[in-house]
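Per TrEMBL, these features apply:
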{"type": "TRANSMEM", "residues": "30-56", "note": "transmembrane segment"}
{"type": "TRANSMEM", "residues": "68-90", "note": "transmembrane segment"}
{"type": "TRANSMEM", "residues": "126-142", "note": "transmembrane segment"}
{"type": "TRANSMEM", "residues": "154-173", "note": "transmembrane segment"}
{"type": "TRANSMEM", "residues": "179-200", "note": "transmembrane segment"}
{"type": "TRANSMEM", "residues": "212-234", "note": "transmembrane segment"}
{"type": "TRANSMEM", "residues": "246-266", "note": "transmembrane segment"}
{"type": "REGION", "residues": "279-307", "note": "region 'Disordered'"}
{"type": "COMPBIAS", "residues": "281-295", "note": "compositional bias 'Low complexity'"}
Amino acid sequence: MMQSLKYWLAEHPSIVNFRWSHTQSFGSTWSFLFAAIAVYIVAVITLHSFLSLILSKSRRIPLGPLPAIHSLCVSLISAVIFVGILYSAAAEIRDTRWFWRRTKTISTPFQWFLCFPLGTRPSGRVFFWSYLFYLSRFLHLFRTFFTILRHRKLTFFHLFNQSILLWMSFLWLEFSQSFQVLAILLATLLYSVVYGYRFWTAIGLPSACFPFVVNCQVVLLACNLISHFGVIFLHFLKGGCNGMGAWGFNSVLNGVILILFLNFYVKMHLRKKNVEDIDGNSNSSSSSSSSSSSSAHGCSRSDIKFE
């Protein structure tokens, strides 16, 4: 069973012989990327403006099981990518150790996760899964439309975050950027858990009494931040990592996302504190019922707002 799984996820000829190509890989051109992001932004803004004109903000459009199905699909796809790139990374480390000794840039598997040797090309197992991760980012975009249809909410942070994550996953492939394997492992692990949780709540099962999605994002951002310092250290200590130009550009974008997220996180906690202060000044009988209601609503609201 395990051998069969390893074959289909890491040793299949389509995976081993994969090569990122502008002529053979779907969505691999700059024009496609720019057009896709532009269409996404225009479609989202148009839908939000149109619904704001014809419907009241409190009115929700029923979507039936679509959000639950979407969350389940994203969770399962992310889990498959996580396992696939994990197996593929192990196979690549096994097959390319001889190259490490020649380049003298890396000496351990952990260093390889952070720093590709100079001259690395976007081909082979890990780049196959990086390509699937890039394509899966388009599936994530549908959640924006679900949020607008159900809650009539559209924030600059959400629009910017989704567009930039699509952009960054493209740059990983285009420039064979270092750190992408570890970044994909962290991201897909998070997505499989978060979207599994969203599926769990979408089918009516109880939700967490704290902002689960936001806290998961905090963990991911913290891990990415620590890893970036590791990349810088290896780049200067070992004589260079591949794709550092793209890495630098992505680091700036990640910094902007981090600032926007921290702004959201602080506002969320200030709002929660204000709600608790109001509840504290209420009568004890009404406070108990309204506090549990506000708490549950607050958890769900924070998960919804941070899409």
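Positions of Cβ are set from backbone N, Cα and C atoms, glycine also.
Between the transmembrane segment (68-90) and the transmembrane segment (179-200) there are 3 or more Cβ pairs closer than 8 Å, counting only residues 6 or more apart in sequence, so the two stretches are in contact. It is 126-142 that, among the stretches 30-56, 126-142, 154-173, 246-266, forms the most Cβ pairs under 8 Å with the transmembrane segment (179-200). Remote same-chain residues near the transmembrane segment (30-56) are listed as 138, 141, 144-145, 148-149, 152, 154, 159, 162-163, 166-167, 170 (criterion: CB distance under 8 Å, separation of at least six residues from the stretch ends). Only residues 6 or more beyond the boundaries of the transmembrane segment (126-142), in the same chain, are considered here, and those with a CB under 8 A from a CB of the stretch are 14-15, 18-20, 25-27, 36, 40, 70, 73-74, 77-78, 81, 84-85, 88-89, 92, 162, 165-166, 169-170, 172-173, 176, 180-181, 184, 187-188. The list of residues near the transmembrane segment (246-266) in space but at least 6 beyond its ends in sequence, with Cβ under 8 angstroms from a Cβ of it, reads 156-157, 160-161, 164, 167-168, 171-172, 174-175, 177-179, 214, 217-218, 221, 224-225, 228, 231, 305-306.
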